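Notes follow once the structure below has been shown.
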Amino acid sequence: MDELSLSVAVVLSVLASCAFAGAAVLQHEAIGHQSRRSEHDQVRRTRLLSLGFLRDLVRRPLWWIGFGLSGLGAVLNLTALSGAPVAVVQPITVLSVPLAVLASRWRAAHTKAGHARTASGPSLWIGVAAAMVGVTCFVALAARHTTSHPPSALPILVAGVAVAVAVVVLVLVGQRGPDWAHSLAWAGGAATAYGLAAAYMKTIFTQLEHGIGLSAPTVWAPGLVLLLAYPVAAYMLQNAFVSGAPEVVVGGLTVIDPIVAVVIGAWLLGEGSGLPALVVAAMLACAVVAVVGVVVLSRHHPDAQRARADHDVTDLRTDPRPGTERMTQ
């Protein structure tokens, strides 16, 4: 890997971050408009997109613009992976978090979509800062050893099964967990699938570079998984937008995605085999800081605070105990 290839990969990753941030804001706005329609009350209650909702959603030009930006970001990201290790490329997308915050604020100030937004408190920016610092330090440590080796079949299979189990668990949390965790769980499921896809894509590139043909099971099998992982992750991401702000969704996506991708990359490609135990421990600590930052962001985002307040009012109005109805009058 030469210095020019690494520089180009970094630039492409930064551009991908900009595209992902813009896509998140626009798709969240389109889904918000759609979910406020009376015929989609069930979607708001279940936080699970129906086929009817998706059919109506794809008729919105704003959603397609966001979808196009998301596709552009994915292409830029995959191109960057062809020239640099997973441990370098994926964590750069954490730049999408502050970019999404700024883009969302700008969009709210210049469109009708900005109604009833609560002012951002310090907790939101603390969460953003923790997520960025955690992932930045994580990639700085991970990038110290970036040599990739072709993987064998067993680690590829184990990684796929582990991610499938994690995605199922996160989907269940997204449907049945606490209100503040719904969006984050859906985004986490999407991020886990995207992280696997990024690592699998890098395994394919690495094997091709070492002269392994497309007919090898360790090449075409991950390719088939990619065909499934991307649409599944995209569907989970749309569910995340139903109940969460774009900053929260992007935060969960860009923190969990690189951590999953780097861990799988280290397992499959040996990208972290030369790291001492102390550095690995420091990487784990950075990952914890980043995840805590996203949790803080999801709990203290103005949209989440307003949703909790609305939920409390609804509980008071529906409380069967004597006297509670008078409290809300």
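Note: Cβ is positioned from N, Cα and C throughout, glycine not excepted.
Keep in mind that TrEMBL annotations are predicted by a computer and have not been checked by a curator.
What TrEMBL records for 6-26 (among others) is transmembrane segment.
Summarising the annotation, TrEMBL assigns transmembrane segment to 62-80 (among others).
Taken from TrEMBL, the feature transmembrane segment covers 86-103 (among others). If you look at the transmembrane segment (86-103), the same-chain residues 6 or more away from its ends with a CB under 8 A from one of its CBs are 6, 9-10, 13-14, 16-18, 20-22, 24-25, 77, 80, 120, 124, 128, 131-132, 135-136, 138-139, 142-143, 146, 195, 198-199, 202, 246-247, 250-251, 253-255, 257-258, 261-262, 264-266, 269, 271-272, 290, 297.
Remote same-chain partners of the transmembrane segment (124-142), defined as residues 6 or more beyond its termini with a Cβ less than 8 Å from a stretch Cβ, comprise 87-88, 90-92, 94-95, 97-98, 101, 247, 251, 254-255, 258-259, 262, 266, 271-272, 275, 279, 282-283, 286-298, 300-302. Residues annotated as transmembrane segment in TrEMBL: 124-142 (among others).
The feature transmembrane segment is assigned by TrEMBL to 154-173 (among others).
Marked as transmembrane segment by TrEMBL: 180-199 (among others). Distant neighbours of the transmembrane segment (180-199): 47, 77-78, 81, 86, 89-90, 159-160, 163, 166-167, 170-171, 173-174, 225-226, 229-230, 232-234, 236-237, 239-245, 248-261, 264-265, 268-269, 294-295, 298-299, 304, 308; these residues of the same chain sit at least 6 beyond its ends, with a Cβ under 8 Å from one of its Cβ atoms.
Under the heading transmembrane segment, TrEMBL lists 219-237 (among others). Long-range contacts of the transmembrane segment (219-237) within the same chain, counting only residues at least 6 positions beyond its ends with a Cβ under 8 Å from a Cβ of the stretch, are 27, 49, 70, 74, 153, 156, 160, 167, 171, 174, 186-187, 189-191, 193-194, 196-197, 200-201, 203-204, 207-208, 212-213, 249, 253.
Proximity of distant same-chain residues to the transmembrane segment (249-269), defined by a Cβ-Cβ separation under 8 Å and at least 6 residues beyond the stretch ends, is recorded for 17, 20-21, 24, 28, 85-87, 90-91, 93-97, 100, 127-128, 131, 134-135, 138-139, 142, 148-151, 155-156, 158-159, 163, 183-184, 186-188, 190-192, 194-196, 198-199, 202-203, 206, 237, 240-241, 287, 290-291, 293-294, 297-298. Residues or ranges marked as transmembrane segment in TrEMBL: 249-269 (among others).
Positions annotated as transmembrane segment by TrEMBL: 275-298 (among others). For the transmembrane segment (275-298), the list of distant contacts is 94, 97, 123-124, 126-135, 137-138, 141-142, 144-145, 180-181, 183-184, 244, 247-248, 251-252, 255-256, 259, 304: same-chain residues at least six beyond its ends, Cβ to Cβ under 8 Å.
Per TrEMBL, region 'Disordered' is recorded for 306-329.
Contact between the transmembrane segment (62-80) and the transmembrane segment (154-173) is absent: fewer than three CB pairs lie under 8 Å, with pairs separated by 6 or more positions in sequence. Residues 62-63, 65-70, 72-74, 76-77, 79-81, 83-84, 88-89, 92-96, 99-100, 103-104, 107, 241, 246-247, 249-250, 253-254 of the same chain sit 6 or more residues outside the transmembrane segment (6-26) yet have a Cβ under 8 Å from a Cβ within it.
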